[in-house]
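Engineer: Handing you this structure, nothing more for now.
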Amino acid sequence: MDPEETSVYLDYYYATSPNPDIRETHSHVPYTSVFLPVFYTAVFLTGVLGNLVLMGALHFKPGSRRLIDIFIINLAASDFIFLVTLPLWVDKEASLGLWRTGSFLCKGSSYMISVNMHCSVFLLTCMSVDRYLAIVCPVVSRKFRRTDCAYVVCASIWFISCLLGLPTLLSRELTLIDDKPYCAEKKATPLKLIWSLVALIFTFFVPLLSIVTCYCCIARKLCAHYQQSGKHNKKLKKSIKIIFIVVAAFLVSWLPFNTSKLLAIVSGLQQERYFPSAILQLGMEVSGPLAFANSCVNPFIYYIFDSYIRRAIVHCLCPCLKNYDFGSSTETSDSHLTKALSTFIHAEDFTRRRKRSVSL
């Protein structure tokens, strides 16, 4: 195949490489053939083990299941499916970019990566909305925050994510450049670039705006609650800390890569490119591994900051510690906050009604 008809897949993640001149078979980052295989192997081992333990602990935990646990299990399943493809990328990096595992795995692994990316973003958005409803609207949200609704939402997310990943199967192919096999993206057409831009906006930046908005509203509500109740020291700090850690992990993992992807698409749509191809490729190479690493960090975040999940994991691995007290001061289930805020909102409504009756 003519090299001009393809662009080598150098961005490490499901994305269109819009510039046909990005075809270098070497990396702009030194020692990637040594560092990335080691890094991806570590991500694979820790991520597979961590997500398996997390899913098993929450699935087999006796007693009632929290609503947010349904989203966490699905998020862990999405990450686990992606992590299964990492050995293929380890081999790719170790062989200096060559794809030696055939056309089927070239298309299949790219499709699984695409599904994971969309599924993760949508699940994180739903988790943010769930926290918003639980903390900001605890009374009104009772009719929506049900187990059956959560299962329907998760099933819908998987279905939509699988559909959004289908273009990958059509655009990915195993191609030969200088008689060497590469898992490549076909040359981008203007229509394909426009689709990529629209998809990126609605599958990342809009969910990102929703996540940030939800957590800003949560933070404001928590501040108002603790100021009214007079308890705004440790509880407030821990609640806000958990919120910002979740948001920060999401931003650090996804924002650099998708920003580089956005710049690459915009550059491909312009007649005169304002962003050099080498800079765009370097941005993809540096930010891609961060997006990969996101799939292994979530179990550790939940273990450290959610005592409910920490208790479930320890009980799953060491049943003998069943009666051990793990504390609940940093639990992210928001149950104690929901009850407190419900009382707080009822008190506010009662005060407003009383003032209105007095004024009349």
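Cβ atoms here come from the backbone N, Cα and C positions, even for glycine.
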Engineer: Looking at Swiss-Prot, is Cys318 on the same side of the membrane as Arg66?
Structural biologist: yes
Engineer: Flag the pair the transmembrane segment (193-213) / the transmembrane segment (121-141) as in contact if three or more Cβ pairs fall under 8 Å (sequence separation 6 or more).
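Structural biologist: By the criterion, they touch.
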Engineer: Looking only at the topological domain 'Extracellular' (171-192), what are its DSSP counts of helix, strand and coil residues?
Structural biologist: 4 helix, 13 strand, 5 coil
Engineer: Which sequence-distant residues neighbour the topological domain 'Cytoplasmic' (142-149)? Criterion: at least 6 residues beyond either end, Cβ under 8 Å.
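Structural biologist: Residues packing against the topological domain 'Cytoplasmic' (142-149) from afar: 65, 67, 70, 130, 133-134.
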